[in-house]
Structure formats: structure tokens, C-alpha cells
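S.K.: Mind having a look at this structure? Questions to follow.
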Amino acid sequence: FQGIFVLGLPYALLHSGYSGLFLIILAAALCCYTGKILIACLYEENEDGQLIRVRDTYEDIANACCKKLSPKLGGIVVNVTQVVELIMTCILYLVVSGNLLSHSFPYVPVTEKTWSVIAFVTLLPCVFIKTLKIVSKLSQLCSLVHFIIVFVVMTYCLTQIHQWSWAKFRLSIEFEDFLVSVGVIIFSYTSQIFLPTLEGNMKNPGDFRCMLNWTHFFACVLKTTFALTAFLTWGEETKEVITDNLPSFLQTLVNLCLLTKALLSYPLPFFAATEIVYACISRGNYSNYKSPLFALGVRGSFLLLTLVMAMFIPHFALLMGFTGSVTGAAMTFLLPSLFHLKLKRKKLSFLEKCADISVFILGFLCSLAGIVCSIKGLLEVFG
């Protein structure tokens, strides 16, 4: 929840004003809700009325919903959507790493793409990651680095408290800028792709709902506090990535921390994507596809793919925005609400059905708005 997106929240407040603070809270509530209904789709009641986990993955849920139309259609759509989003995220971390290295060492005569290749070399051990336990340790270190970054930024902001002013907040907003803010805020909470695996690996899955409530609550408090303090410090001067507002003596330190965070963040989406692909390929009685060597080949191929795309795709940020608007909204809002309505409709109350329909409509509108903005940006770039 406290990913690199968080560093763009003060900029989102610049363009959304007071409504941005409300959006941070609303997004937390909506993403927490869709997380719960997604996990609810993994369970069915037995004859004694007890909930039994009959599905293991997002793919299983999709297949259960589409079995009358086609037994595997839903799973294929979900898997493709997941893999595209995860791979795009991995590529973004490589691009960001190259950018951070070039800004941290401006006097070294090396291009940004070359720095991305250097960052890629440090990620080669990812091909040997076989379990989620290793990924969780790396993610824990990633969280620690993130809190160091937030601590540095907020400490500096607190030293500037004498110049804070609520007058910096906008009362009137421009619609297109507001849509950009909505995208940044909503997608800073997305985690639905990982939730079925996470819940299945918990020692006490019964604590999942409680865990989701508390994590979203604390994420909301931290995001609001961070965004508010940073925006009150710089106001109209707030940049897209808030660390760019820091004095030069702090910028290098924070950039290196961000680089560490980006590299430590890479294994989670990479592991998730390769596991999905490997599971799809090795399904059935194809023993050749179940060898450790083949798994290593799949992971190596994906690692190389992320580097090639990071090197050769022009205007990657705009393409990422377009893809995120499609895949992010689908995985976070559209599919969980749709699947919940399909699988649980006989047991849902009227209010629960209204909630699912409302989330679906909101997700569709967010997705549509994001696609329009991204296409407009791409058209402007290509003339």
C-alpha cells in the first residue's frame, strides 16, 4: 500500500484540493471492500453451513463465473490481465531505477538506459526465487526503506511548519487535472492481484478481514498525513514526485533510497507474473514443463523481456497509464464486484447488491476517464 505512488499524492492534492483528502479516504474504503468480496468468492458453504475454501486463485473465481459460457475463458482473461499489469509494473521499476541513477550521478557519462541495464544486472538473482517467503523478506526490507524516505521528507516538512497555510488548497478544480488525481490516489491502494495468494498463505485465514481493515486504515492515515504535510510545505511549487522538491543535499540520499526501494519492489510482481505463466504452461500431464530447469527458463525469459521493453518502448509512462487504467480498474473494481454478484447473488441483501453495482459503475467511469486522458497524451506526443 505504501508504494512509490505515495510520493505522487501531494501532487494529486495540488490538482484536487479538499476533494483529494476525501478521495484518499474513499479509495481506502472501496479497495478494502473489493478485497473482502474477492476473498469471499473463494469460499462456499457446505451442508452444515460452514465456509469451505473451494477456490485458490483469481483465475479459479473467473472460471467459476464463466463456466456456462466457456470453462476456461474467465481464467484466460484474468491471467492475461494480471500478467500484463505485473510485467508493466516490473518494467516501470527498471525505468525508474535508470532515471534515479542518472539523477544521483549526473557527472558520470552514462545514459539513462545504460543505468537501467546496470540496475537489471542486480536483479538477475530473481530467477532463483522459488517461494513467496523470500519475496516477503525483500518486501519487508522495501517497507523499511520506504519509511526512511517518508521520515526524511516529513522531518524536512516539519522544519518548515512556520510557512504552512491552508490557503494553498484549491476550492475550484479543473476536471482533467482532477481525473489524473483520481488515478494516482486510487491506484496507490491496489493489491487485489496478490490477495488470494496472501490469504491462502496466512497462518490464520480467519483473521484476513481484520487484517485488511487495519492495513487500509493505517495506509489511509499515513497517506493523508504525508500528502497533507508535503503539500502545505510547497503548495503551488509541489512537483510530480515530491522528493524533487527537497534541497539538493537531501535529494541524493532520498534518490538512492528510492532506487533501493524500486529494486526491492521488483521481485513481488515478477514472482507473481512468472508463477501465473508457469502454472498455465505446466498444467496437465506435460512432465517436460514441470522440471526446475524449465521454471528457471520461464523466469529468465521474463526477466529479459522486462529489460528489452524498458529499453525500446518510447513514452513508456503514457503507455503505463493507459494499461493501468484498463487492467488496474478491472482487477480492483470491475471484476471483484462482477464476480461477487455472479457467485453470491442468491445470498446478497439488496444493499450489498447496490454496493457491488455502485463499485462496478465507479470503476468503469475511472477506467474510461483514465483511458481518454492517456490516449489524449499519446496523441499529443505523436502529433
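Even glycines carry a Cβ here, placed using N, Cα and C.
All TrEMBL annotations are machine predictions without curation.
Given the structure is predicted, the values throughout are model-derived calculations rather than measurements.
Among the features that TrEMBL reports, domain 'Amino acid transporter transmembrane' is placed at 1-375. What TrEMBL records for 20-43, 76-95, 115-132, 144-166, 178-198, 210-233, 253-281, 293-313, 319-339, 359-379 is transmembrane segment.
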S.K.: So, taking each listed stretch (76-95, 210-233, 253-281, 319-339, 359-379) in turn and counting its Cβ pairs to the transmembrane segment (115-132) that are under 8 angstroms, which one gives the highest count?
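M.R.: Comparing 76-95, 210-233, 253-281, 319-339, 359-379 against the transmembrane segment (115-132), the winner is 253-281.
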S.K.: At least three Cβ pairs under 8 Å linking the transmembrane segment (76-95) and the transmembrane segment (359-379), pairs spaced 6 or more in sequence?
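M.R.: Between the transmembrane segment (76-95) and the transmembrane segment (359-379), contact is absent.
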S.K.: Can at least 3 Cβ pairs under 8 A be found between the transmembrane segment (144-166) and the transmembrane segment (253-281), with each pair 6 or more apart in sequence?
M.R.: yes
S.K.: Give the nonlocal contacts of the transmembrane segment (253-281) in its own chain as ranges (CB under 8 Å, at least six residues past its ends).
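M.R.: 3-4, 7, 59, 79, 82-83, 86-87, 89-90, 93-94, 96-97, 100-101, 103-104, 119, 122-123, 126, 129, 132, 134-135, 138-139, 141-142, 145-146, 148-149, 152-153, 193-194, 197, 243, 246, 289, 295, 298-299, 302-303, 306.
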S.K.: Please give the sequence-distant neighbours of the transmembrane segment (178-198): residues at least 6 beyond its ends with Cβ less than 8 Å from one of its Cβ atoms.
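M.R.: Hits for the transmembrane segment (178-198): 1, 3, 5-6, 8-9, 11-13, 15-16, 19-20, 23-24, 27-28, 30-31, 34-35, 38-39, 42, 55-58, 61, 82, 85-86, 132, 216, 219, 223, 268, 272, 321, 324-325, 328, 331-332, 336, 366, 369-370, 373.
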